[in-house]
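Here the structure is laid out as C-alpha cells; the discussion comes afterwards.
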Amino acid sequence: MAEVERGMHERKAELVGERDKLHEKADGLRNKSRMVSKEFKRARKSKEQYKKELKASQAAPAPLLPLTCRNLLPAIYTFLIILYF
C-alpha cells in the first residue's frame with residue numbers, strides 16, 4: 001500500500017512539474033501575442049496617419065501668400081527705382 005501511495009505522489013509531482021512548464025509556456029505565448037498585437041496596432045496607426053497626411057497634402061494645395069501691403073512693398077520699391085533710373 002505504501003508503494004502505491006508513493007507512486008501516486010511521484011506521479012502527482014511529475015504532473016505538477018509538467019503543468020508548471022505548460023503555464024510558463026502559455027505565459028510566454030501570451031506575452032508574445034501582446035507584443036505582436038501592440039506592433040500591429042502601432043503599424044495600423046502609422047498607416048492611417050500616413051493616409052491622412054497624404055489626403056491632406058493632395059486635397060489642399062499650398063496656400064498662396066496673402067496679398068498685403070507688407071508683401072507688396074519690395075515690388076513697389078523695385079518698380080519705383082526702375083522708374084527713377
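The backbone N, Cα and C atoms fix where each Cβ goes, and this holds for glycine too.
All TrEMBL annotations are machine predictions without curation.
Keep in mind the model is a prediction, meaning the values are calculated, not measured.
In TrEMBL this protein carries:
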REGION    1-26  region 'Disordered'
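Cβ atoms under 8 Å from those of the region 'Disordered' (1-26) belong to no residue of the same chain, restricted to positions at least 6 beyond its ends. Each residue in the region 'Disordered' (1-26) gets a DSSP state, and the totals come to 25 helix, 0 strand, 1 coil.
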